[in-house]
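Handing you this structure, nothing more for now.
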Amino acid sequence: MAAAVEPEVEDPLWSFVRVLEKRDGTVLRLQQYGSGGVGCVVWDAAIVLSKYLETPGFSGDGAHALSRRSVLELGSGTGAVGLMAATLGADVIVTDLEELQDLLKMNIDMNKHLVTGSVQAKVLKWGEDIEDLMSPDYILMADCIYYEESLEPLLKTLKDLSGSETCIICCYEQRTMGKNPEIEKKYFELLQLDFDFEEIPLDKHDEEYRSEDIHIVYIRKKKPKPPS
């Protein structure tokens, strides 16, 4: 399932490029760093979600479902998912911490010739104010359910960003080691307080880029209850 890895000639131990081929034969090139934390590499969930966005079941007939839609990616890291959306016609904001902005901007620059919508990078720390961000049509997130201490800030940001029509597409790898199962359980327990969600069946994922332990979930903010 893994996309190809293309080493950088200058220092392959320090940086390397992951190559992701699109259905139209063009190629996204994603710079990664061998050190610098979890945000500096392309995780499998990001590949699975990126390829899902290209599936006929998601894209629909005629213009792509993301064409001219506003998209915000949370925890973008390398920007893989957001860049895929931008090549499909979406107007995208990829977000992550300050220390990942240079990597995001580098990957935007490397792939700008493929973008048919628009894409820009912004700093966003989960749980903090989102003054300059509007509710998008779609929020995309891949492998963001990772650290227990980030769950509540992440959920606050999802609530703050979500409008009544916002569709959140969350892709995550189900991990069985250590505290991962209880972190995942806590996330969905907290999520259901304010959101409805449904899992997309595996047979709706990309035929090649799929795995039984990687899940795609659609999430929407609950409708307000009418006054009694």
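Here the Cβ of each residue, glycine as well, is placed from N, Cα and C on the backbone.
From a predicted model like this one, the values you see are computed outputs, not experimental measurements.
The S-adenosyl-L-methionine binding site annotation in Swiss-Prot covers TRP43, GLY75, SER76, GLY77, ASP96, TRP126, ALA142, TYR147, and the record cites similarity to another entry as its basis. The N-acetylalanine feature in Swiss-Prot is assigned to ALA2; the stated evidence is similarity to another entry.
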Which of the three DSSP-derived classes (helix, strand, coil) applies to ASP96 (S-adenosyl-L-methionine binding site)?
strand
Could you tally the C-beta atoms, other than its own, that fall within 10 angstroms of the C-beta of ALA142 (S-adenosyl-L-methionine binding site)?
29
Among all the protein chains here, how many other CB atoms are within 10 A of the CB of GLY75 (S-adenosyl-L-methionine binding site)?
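The answer is 25.
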So how far apart do the S-adenosyl-L-methionine binders TRP43, GLY75, SER76, GLY77, ASP96, TRP126, ALA142, TYR147 get, largest Cα to Cα in Å?
20
